[in-house]
Structures are given as structure tokens and as C-alpha cells.
Amino acid sequence: MMPMILTVFLSNNEQILTEVPITPETTCRDVVEFCKEPGEGSCHLAEVWRGNERPIPFDHMMYEHLQKWGPRREEVKFFLRHEDSPTENSEQGGRQTQEQRTQRNVINVPGEKRTENGVGNPRVELTLSELQDMAARQQQQIENQQQMLVAKEQRLHFLKQQERRQQQSISENEKLQKLKERVEAQENKLKKIRAMRGQVDYSKIMNGNLSAEIERFSAMFQEKKQEVQTAILRVDQLSQQLEDLKKGKLNGFQSYNGKLTGPAAVELKRLYQELQIRNQLNQEQNSKLQQQKELLNKRNMEVAMMDKRISELRERLYGKKIQLNRVNGTSSPQSPLSTSGRVAAVGPYIQVPSAGSFPVLGDPIKPQSLSIASNAAHGRSKSANDGNWPTLKQNSSSSVKPVQVAGADWKDPSVEGSVKQGTVSSQPVPFSALGPTEKPGIEIGKVPPPIPGVGKQLPPSYGTYPSPTPLGPGSTSSLERRKEGSLPRPSAGLPSRQRPTLLPATGSTPQPGSSQQIQQRISVPPSPTYPPAGPPAFPAGDSKPELPLTVAIRPFLADKGSRPQSPRKGPQTVNSSSIYSMYLQQATPPKNYQPAAHSALNKSVKAVYGKPVLPSGSTSPSPLPFLHGSLSTGTPQPQPPSESTEKEPEQDGPAAPADGSTVESLPRPLSPTKLTPIVHSPLRYQSDADLEALRRKLANAPRPLKKRSSITEPEGPGGPNIQKLLYQRFNTLAGGMEGTPFYQPSPSQDFMGTLADVDNGNTNANGNLEELPPAQPTAPLPAEPAPSSDANDNELPSPEPEELICPQTTHQTAEPAEDNNNNVATVPTTEQIPSPVAEAPSPGEEQVPPAPLPPASHPPATSTNKRTNLKKPNSERTGHGLRVRFNPLALLLDASLEGEFDLVQRIIYEVEDPSKPNDEGITPLHNAVCAGHHHIVKFLLDFGVNVNAADSDGWTPLHCAASCNSVHLCKQLVESGAAIFASTISDIETAADKCEEMEEGYIQCSQFLYGVQEKLGVMNKGVAYALWDYEAQNSDELSFHEGDALTILRRKDESETEWWWARLGDREGYVPKNLLGLYPRIKPRQRTLA
């Protein structure tokens, strides 16, 4: 039986109570003893019902008493009274007399109360007021104790809750620690899996190479086995014949005195000797085979690693072709063999030779009237892209066809196209045909090939040039026709700019240039002013299909009544150090000087930064423009100015070939982002006699066409850049020679405006300015006038291309036409050819403009004019206030690469758009990141440049930072709004995939970038920021604008992995993850000079 619970109130205010369990044996006395305090006096239990109070006797059974109340038991309240029961008082009073009761009431009642209240001696008599005061004090003490008790209960409750929380937190910490350990274990497993994956790929490559080698050796062994079997059969036959001879049965001959005679003995001796030779040869071949096998096993590890790297670069280069065409807007289909491979701005550039890709060309045929001793004196140099350009005979109707490789998969159309020409000019001597000591310093095989420019529709065969068609003065220029053609223009964000290559004129050969290349980070697409009318042959067969020859000199063919073709018909390539003119060339001599020009000898000259080495640094080659033979017949022939400050007769006979052994060849570093130091060349310090002899040979050599927007080349038609001369004067590494400064005359109304660059707004046509010394003393460099002219229009009425323009040339009838890609003027109809001017005494002082030469049709030997910087009598001053001014974007690109922080801070306010790329999509931020200049990167990012600018292959600055394993730069770019999921075009790899595994910092950089990829859309409560605007294409997609904060609800699902489900405001839908970033993009700063 369950006991009842009796609630007993210990005071009248019903705040203090206790609960007593009641059993059938429980009496009222038990309840009182349970409830009263220890040591307390007499107490009794009273029940109150509806305001009536009745004491309960001590011997009363409480269980039965409660059952008597029944359902009304809840109305009854039991109180513990701290006094004797009234029933006992009444019984005691009945036995006493009335007096005794009166006396008791007077005396004893206070005593009882005193005893009840704990007052000690009952003999002490207290008045009623004292008793009331005492009761009030005790009541106050009771209330204080009750409050203390409540506070202690609350404290106990709080401690219990805290204890429960601590236990709960301890358990959660244990769970979290277990989860962390599990995550670390999984990360370690993931790292092991990635490492194993790399090992598996490496093993696959090794196994493939080994299996191929084993198959090759097995085939060789089978051949040797067959040869041995054939030899054994032959031995058996010979042995049988010998036995027959011994027995005397062969041809009826009998042995005479034991000796064999007659033709049989001679045949037997010959066969025996042949057998001995064959056995010896077989043994030698077996020993060589064994040695080769041992060498192969010895080098397998090295070859495997090299093959892996080569395959990666090959895939990267193969993937660049599509982007190259896209950047240049070329829509004609090209085979994989026909496009120039280009390495991105980051990562080493390695070319691997492979046979059978291009036809093998024979050694160049010596021109009919040229004497090139050095070509025959040395073998072909084995550069990575070794190939020979054939030399065609002058004025011949047939050409030598190059030898084709067996099994070559395409024919060489170059010679076939050349046969159709009426008059074919002599081809330039190929660089690779020169010996190793004679190579003109251009590392042909180690230069990243440039992007082909936007040109006309390519013919079916790569690089073929159809025969030129006549073009009258009123015909439409090539660029104007090209603008109306079907080829797409390059995008505005990545304008493809063209540069003129150096072209030899009719009957001339190029002057090889400097071997001291300053490594340029950006390969520049070429665009020659004078294209070849006959197609050149292609490089020989140990170059890769994706990597054509990186230095191609195209001939200029003068055909009567014909017009040179557009220079963009074929793969025009130049040296990677496109800032500098790396070789010289001769101009087309006037009509009446053709024999002398044809007999002039090609001389390999060591040049520095595109300038020829001249005697005492006093003069430079004359800037004669190329003259088209048939188009210049009606104009007076100019007199080629003398190269010397003395009168020199023109050499009619062929000059002796120069000794090319002094020309050095500097290797190019693998990384396209680093600049190679300049090595001093002994040729620079040649004696005056050697230089004088060289100067005589170069008397009629024209000034080579320059690349545009270069620190060392002119930016317009005004000749060499003044900065180049200052740079070379103050920097001994830059050549230490003095060149001839050229000044422009005041522009005529034919020239359209004064532009600092001939790009018509397309800045930095060259990519980078190399080795810019920002602190050198220079003269003010204001803008120079530049004509806006058609780049490839070769008709006569147009300004002179990138050459010195004298006052006499400004009144010509020019027909300028604009081209946004390549503004290089073409051949002018000039009555006079401007003459060069000797170099000024110092770079900063005012120069005297050049004095023009009078028109002349007599040989240059009769010329008495000297080039001087002195003002001649009766000469007018030209070039009033004209100075050279650099392209600000070109300076910004170069300064960000070189780490010139002060120059970056100054020049960035002059740049219209600091995020504007060059022709390969390289921005200043790319250069600063690749060079590791953290302070410049931070400045550019704070300035608000486009952090997600992509180059022609889709490489963003984040890709560059990842390829350098720079965690600091990666973090800086990500926090500035870099797109973590941006991928390249060729290999579709994000920045996390570009970390260099073999270099330092790979683990930290890879972990950071992969971590950001995994945390995007998870951390920051799932908020990611839009980096571009996007308009929804389907109903389930979400439109957003740049800077919107999107909440990623689901990173991937069954149907989509590249699209995430996100919420923007009250709308939800799919968003492409590669347009999202962990941080918003920094807005461009207000353009101010403050």
C-alpha cells in the first residue's frame, strides 16, 4: 500500500511547509515529532477547514482521520502550532479553583509563552509589550532565515545546472576532438592518395617508355637473329663447298700437291673473308646493342621525369592554339601543325624536338651573285627549332625544291609558289645554317613563338603565299578590304596588336643582330610592313608540330606590276625579345644600283639591343625605306647616304665575308618571366680598324624596321627612340655604344594628330618594356606625332613606315588609313630620302635636326654630304618642341615586372585603364604577381585593377600566384575578389591545380586554394559574392549583378555540379560557381592625382 502524503504548514503565512508520509500506523504524535525543530518544546497539530481551527489529539490515527474527510480532504489544511494543545489546558483548569485559574492566567501564561519562545527562566516576569517585541524580533529572524533558505536553494539549483552544462561541454569537446582526429586522418589519406596518384601516373609513363624500348630491342634482336641464321646457312654452304673442294669434286678440279687452284679457290677465299667480316661486324653490333641497352636502363629514371614534364608542356602548348586564333580573330581553320605554340606567362618553356613533323630542307642554295663563305664553312647548328630557310636564286624562273622527309604528312608549297613569280629575290641566310660560332646571337629554338596576327583568310596550306596581284594607286588597301572581310575582329578586351618583322629587300640579305637578348616575358606577334610575295619554306624536321620556327625572316620579293601580299598570310614569328631589333638588313637599293646591292655581302654583325656595332659608336645604318621596284620607277631615285662622316665610295665588288666567330649566342632561360643578365661581348670592343671595315660594308644597309612601343625602338615614324640612346649611353650592359638620335620634323596636315603610339589607342603593342632605368637623366619626352596609316597597304601614296620623316617627305600626297590592330605606314612616294644624323654629344641637350640630302641619281660615291649634328647654313629648324613620350601602359607593365614601385605609383595615374592588357592579355597585375612584388600587387589591388583579368589562355593573376606557390599573394588576391574557380582555356585547370608540385611552398599553397574552393558557399553562413553580372538563360537560373551577396543553399546536386543553388533576396535558382568569390571585388579608385 502506498503511503499518503500529508502537507503540514509550519507557520501561518503558508510559505514554510513540509510533507509527511502517512501510513495506517502513523499517529498525530509522529507527525508532530517529524515536523517540529529539534529541542523545541510543546507543539500540537491543528486542522483548519473553512476558517475553523481544531486541534488533533496526539494519539489520533492520521490515516483514518484523512480517510474520514474523503473528497473534501483538499479543503483541509494542517498547521503545526508551537504551543500546547488547548484541550490539555482546559483539563488542567477544571481541577483547579477559579482563583488558581486567575492566578495561572496572570502568572503562568506568560511563563508558558516564554518557555515556548525559548526564553530561559520562567521565573522572570515579562510584560505584554516586551513579549510582543520579542515575538516581532523572532518573526523577523524567521523571515530572514526563510530568505536565506530560498537564496541557498537558488544557488544550489544554479550549481546543479552549471555542473550539467560542464558535463555536456566535456562530452561535446570529446566528440569534437574525435571529429578533428577523423578529419585529420582523412586529410592524410587524401594526401597519400594524391601522392599515390602521381606515382601511378609516373609508373604508367615509365612502363610505356620501357615497353616501347623493349619492343624496339626485340625487333632488333629478331633482325639480328635472322642475320645470324642467314650467316649460319651461308657458313654451312661454304663448308660444304670446302669439303667438295677438298674432295676434288667441284667443277672437276683436282687438287695439285694439296693446293686449290683456279677461280674456285679465289671465290672460296673471298667468301671466307666476307664471312669473317660479317662475324666481326655482328659481334660489334651485338656489343653496341648491349651497351645501348645498359645505357637505356641507366637513364630510364631521368627520361621518365623529363617525358612527364615535356608531355605537360606539349598539352599546354597544343591547347594554346585555339586561344591564339581567338585572340587574333583568325577564323580560317588550321591544322595542329600550322599554329604557333605559345607558352603562358607563367611556367618554363621547353621545346622538344620530334622528327617527321616538317620537311627536311637541304642546305640553302648560295645565291647566284652572293658570296657567303661562312655558310659552307660550318655545319648546321642543332638548336631546338633547327630549320633552314631556302635561298632562292636571283632572277631565276625555277627554284630548288627542298628535300622532303619520307612520310611527311604535308608538302612544302613554298617553292611552288615561288616558281610563279617573275623575279624572285634572294632569300635571307637562315640563322640555323650558320655555325655555332657564327650564329648571330638569336637563340632560335628557345623563344616562345608569338601569336599569329589577324590576317586575311589563310590558304589551305599553312604559310603559302599566292602570287601577288597588281595594285594601282586607286585600289583599295589590304586592311580596308580586310575590314570588310569575314574574319572576326579581336575582342575589345584583348586587342591583338601586330608588329613589323625585319624584312630583307630585293637582292639583299639580313644583317644578323645582337646575341645579347634581354629576356622578354611576352612574345610579340609580328606583322611585317613588307610581306613576302613568295612563301618561305618551313623549318626542318627535328622541331615539334606545335612549335614552328620562332625567328622567321621573310624575303621581300620585287615583282614588276605585282603587289606584295598581306603580311598576315602566314605564321610570322619574331624573337621573343621583341623589344629589340635583333638583326640588321639592307634596303632595296635604287633601280640603278641593283648590281651593287646584289653584290653586297650579308654580314653577321654582333648588335646590341637591335643596333649594329658601328665604328666609335658614331653612326648607325641609314634608315632607307624599302622601295618596291615596279612602283618607284616614275619617281627620282634617292641617293643612299653614306654611313661615314668621311666620303666613302660605294663598293661595287662583293665584300669579304665577316668572321662570325666573334658573335656569341646566349642561352635563353626557361622561365619567360625572368630577364637574363647581359653578358659583355668581345665584339663590342673591337678595334677601330675592324669597325671601319664593317662600316664600309654596311654603307647602304637600311635601318631595320622597329617593333612598336618598345623602349629601344621608335613609337612612330620618327626614327629611333631617344630613350634608347640615353639608356645605352648610361647603361654599359645595354651595349655601351652611341647611336644616332633621330628627330621628327613638324608634322604636316597629312598626318592625323600627334599620338604617342601608332597603335591608335591600343597601348603596349610590344608587351613589356625591358630594363627601364627609371632614375636615369633624360630629356623631357613629350608626345611625338605618328601617322595613322594602313599597316599592310603597300600602295605608294602613304606615309613612310616607322622611319625618319624629313620635311621634304611631309608634303607628299599621303593616303592614311586607320587600322586598330597595326598602324605601320608603308612605302612613300618621296622625292628625297632623309639622311640620318650623327649622335648628339649628350643625351639631354637640344639636338639639331637632320639636314636632308638633295635628290640624286648618281652613285653614292659622288656624295659629299656628311652626317653631322651641327646646324648647316640655310637649314631650317624642324621638330619644334617635339619629344619622345612613352606609352604609359607600357611603362606600367614594365615597372610592375621590374619592381619599380615609385614608377608604378607615378605612371598609373596617366594610364587610362590600368587593367588594360597587352596583345596576350597580360596586365600589370600579372607581371607584378609573376615577379613576386608584393607591395606592387597590394598597391594595384587597392587601386582597383581587375583582379580577374585573364590572358589569352585564361590565366588570371591567381593562376600566376599559384604557379609560384605564393600563399601570401594567393590570399591577397582571394581577399580582393579573385575568382577561385576560374579555369584556363587550354587545360581547364583552376588556380589550385597550377601549384608547382616540385617546388617549395606547394603544400601550403595547394592546401589554401583547395581549402578556399571547399569553403566557398559554406563559411560566412553560405554567403558568396558575385564577381560579374549574369543574366539568367533558363527559368531555373538566377540573375545577379556584380557585388551581390548570394546565399548558397546547395553546392551541388544530382543534375548539376558546376551550378549551385543559391538565394538572392526572395528569389532562388542556379548560379554558375565560377562567377562567385569569397570576397567582393574592389571597385576602381576615383581617378585623381591627390
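Each Cβ is built from the backbone N, Cα and C atoms, and glycine gets one as well.
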Worksheet item: Between Ser332, Ser622, Ser671, which does Swiss-Prot record as phosphoserine?
Response: Ser332
Practice prompt. Name the residue among Ser399, Ser496, Ser710, Ser1039 that Swiss-Prot annotates as phosphoserine.
Written response: Ser710
Worksheet item: In Swiss-Prot, which of these is labelled phosphoserine: Ser335, Ser620?
Response: Ser335
Worksheet item: Quick one: which of Ser681, Ser835 has phosphoserine in Swiss-Prot?
Response: Ser681
Practice prompt. Kindly point out the range from 129-148, 809-828, 909-928, 1049-1068 that Swiss-Prot annotates with region 'Disordered'.
Written response: 809-828
Worksheet item: Which numbers of helix, strand and coil residues does DSSP report for the repeat 'ANK 1' (920-952)?
Response: 18 helix, 0 strand, 15 coil
Worksheet item: Using DSSP, what's the helix, strand and coil tally for the domain 'SH3' (1019-1081)?
Response: 6 helix, 27 strand, 30 coil
Worksheet item: By DSSP, how many residues in the repeat 'ANK 2' (953-985) are helix, how many strand, and how many coil?
Response: 16 helix, 0 strand, 17 coil
